[in-house]
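Quick look at what TrEMBL lists:
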type: DOMAIN; residues: 5-138; note: domain 'MARVEL'
type: DOMAIN; residues: 143-290; note: domain 'MARVEL'
type: TRANSMEM; residues: 41-63; note: transmembrane segment
type: TRANSMEM; residues: 75-99; note: transmembrane segment
type: TRANSMEM; residues: 111-128; note: transmembrane segment
type: TRANSMEM; residues: 140-165; note: transmembrane segment
type: TRANSMEM; residues: 177-203; note: transmembrane segment
type: TRANSMEM; residues: 215-236; note: transmembrane segment
type: TRANSMEM; residues: 265-284; note: transmembrane segment
Amino acid sequence: MAIVLHSSPLLWTRLAALAFSCVAFSVAVHGAQLGHGTGDWCIFCWAFSFAGTLLVILVELFGLQTKAPVSWKNFPITFACYAALLCLSASIIFPLYFLKGLSDSSSVHDYRIVVTVFSCLATIAYISEVSISKARPGEVAGYMATGPGLLKVCETFVACVIFVFVSDPVLYDRHDALKYCMAMYCICFILSAAIILLCIGECTGCLPFPFPRFLSAYAMLAVVLYLSATIIWPIFNFDPKHGGNKNRPYNCNSQPGLCLWDKRMAVAVLTGVNFILYLADLIYSTRLVFVNA
């Protein structure tokens, strides 16, 4: 089997991401002493990013793109975008949980600083890979390399973070309006994930309707749903008339991690973020339909 090695900025960026993520999880496992469950999540982010990048490099090194069971126009950039978001989340979460309150003179502190630095470097490397791989105007590329495709990745990732906050403990069972918000999060996540899978599997041509028009219609639906949740979630969580509390409780300052009020606020903010992402997606998708027409 012939080995194909073409030196390019994309290759060097992937090698940098591979090295940085490898150092991050290796040092974390070796000397960072992560006893909290959050540390397992951070290690997963770095290890998953490392394994996926290694797979992409090996496939391209041995010229196996045509034999891969996925669309190689869509898979590498989709993975790089997810890896960038995972490493970014780890770069934020890790220092919040494992650097705050630790003695500066301890060796564990030094290990954790190294982990944080290389996690940030890995994030920058993956963002650079996405920037290099992103389709340019007039360039023929897969859907996931376009603006709407990358927005779908961000939308599903933000939805996953929302699911984490609302599920431990359950934050949506106090009122039917909050259950509606949860149902809306699930519907939009499932449809966005299905679109990503269809593009990666090159199955968009199997749909009984034009794919671009479906994207535009779905983006419009998602904007309406997320707009309603952006309004409803804060009302039923922070308005005293509906049993909420608009002021942050004092006991939140003494609790490790995020208290219930913090999680409710985080969901409210992330709902607004996803609304903006879906709105941008709608603008992109509508433009795509009219340009093609």
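Cβ atoms are placed via backbone N, Cα and C, with glycine included.
Here the transmembrane segment (265-284) has Cβ contacts under 8 Å with residues 146-148, 151-152, 154-155, 158-159, 161-162, 165-166, 171, 181, 188, 216, 219-220, 222-223, 226-227, 229-230, 233-234, 237-238, 248, 258 of the same chain, all six or more residues outside its ends.
Packing against the transmembrane segment (111-128) from elsewhere in the chain are residues 13-14, 16-17, 20-21, 23-24, 27-28, 30-33, 42, 46, 49, 80-81, 83-84, 87-88, 90-91, 94-95, 98-99, 102: each is 6 or more residues past its ends and has a CB under 8 Å from a CB in it. When Cβ-Cβ distances below 8 Å are used as the criterion, the transmembrane segment (41-63) is approached by residues 1-5, 11, 14-15, 17-18, 21-22, 24-25, 28-29, 34, 72, 75-76, 79-80, 83, 86-87, 89-90, 93-94, 119, 122, 126 of the same chain, each at least six residues removed from its ends. In the domain 'MARVEL' (143-290), helix, strand and coil residues by DSSP number 118 helix, 1 strand, 29 coil. Across the domain 'MARVEL' (5-138), the DSSP tally of helix, strand and coil residues reads 102 helix, 0 strand, 32 coil.
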